[in-house]
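A short write-up of the structure that comes next.
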């Protein structure tokens with residue numbers, strides 16, 4: 001029995017190829033009695049690349065328990081995409097057979113406490129990074145209320161398991177499987193000499209642990225959350241934890257395993 005009637009939102013970038021796929025997929029979904037709904041969807045399909053999936057995530061980050069995501073790539077296979085632009089019929093068929101099954105990944109919760117009492121709350125699917133605007137950043141790192149180290153360097157990034165393959169990996173961090181619900185704190189160009197020392201390697205903390213960053217100066221710091229950038233002054237502290245909510249993807253026969261994604265992105269075919 002065909003499973004139609006689901007509410008679906010399509011989100012695409014403005015590139016001509018993505019717009020062409022958007023038009024074609026919209027037509028196929030309508031012909032198969034799916035409902036296009038941009039307000040209260042059951043499924044969100046991003047068309048483009050991983051950056052577009054991040055945008056879709058942030059559009060619906062306050063409805064994570066109600067929606068599932070599908071990534072449709074118009075270029076090379078990405079970490080969050082299961083379909084290519086020439087697989088529209090396959091995608092529609094799998095949607096018709098969808099049972100509601102899902103694959104879930106952890107999300108990062110970030111709280112920025114300002115000295116005036118304001119609290120800014122963000123969610124990140126990949127990572128959140130902090131840098132000082134114009135000079136060396138100095139910040140105390142506290143884990144579960146216990147002082148760990150004083151960091152000096154360009155900045156720090158905290159990543160999710162799925163985000164461990166992004167900026168974190170380029171900094172020399174470890175790649176974590178998303179079933180490991182943990183956060184990874186990675187240094188950005190730390191200052192290490194006879195006077196100043198840091199651990200010099202990534203720190204991986206389990207689900208229930210909390211990482212706090214306490215800047216020692218009250219000037220401007222730049223905080224990036226996935227593909228968005230913010231500037232704050234007079235930061236009292238920043239708290240990082242695994243969020244209570246997860247992102248859910250539609251589980252289909254086309255869902256690519258995590259290690260296959262890693263292999264495709266960084267290794268490719270291995271010669272025997």
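Any Cβ shown, glycine's included, is placed from N, Cα and C.
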Just to be sure I read the record right: 50, 51, 126, 127, 152, 154, 165, 166, 167, 168, 169, 170 are listed as binding NAD(+) in Swiss-Prot. Which of 12, 101, 189 is listed for the same site?
189
Which has the fewest other Cβ atoms within 10 Å: 152, 169, the binding-site residues listed?
169
I need the most crowded of these binding-site residues: 165, 189. Count other C-beta atoms within 10 angstroms of each C-beta and give me the top one.
165
Conformational class of residue 167 (NAD(+) binding site) under the three-state DSSP mapping
helix
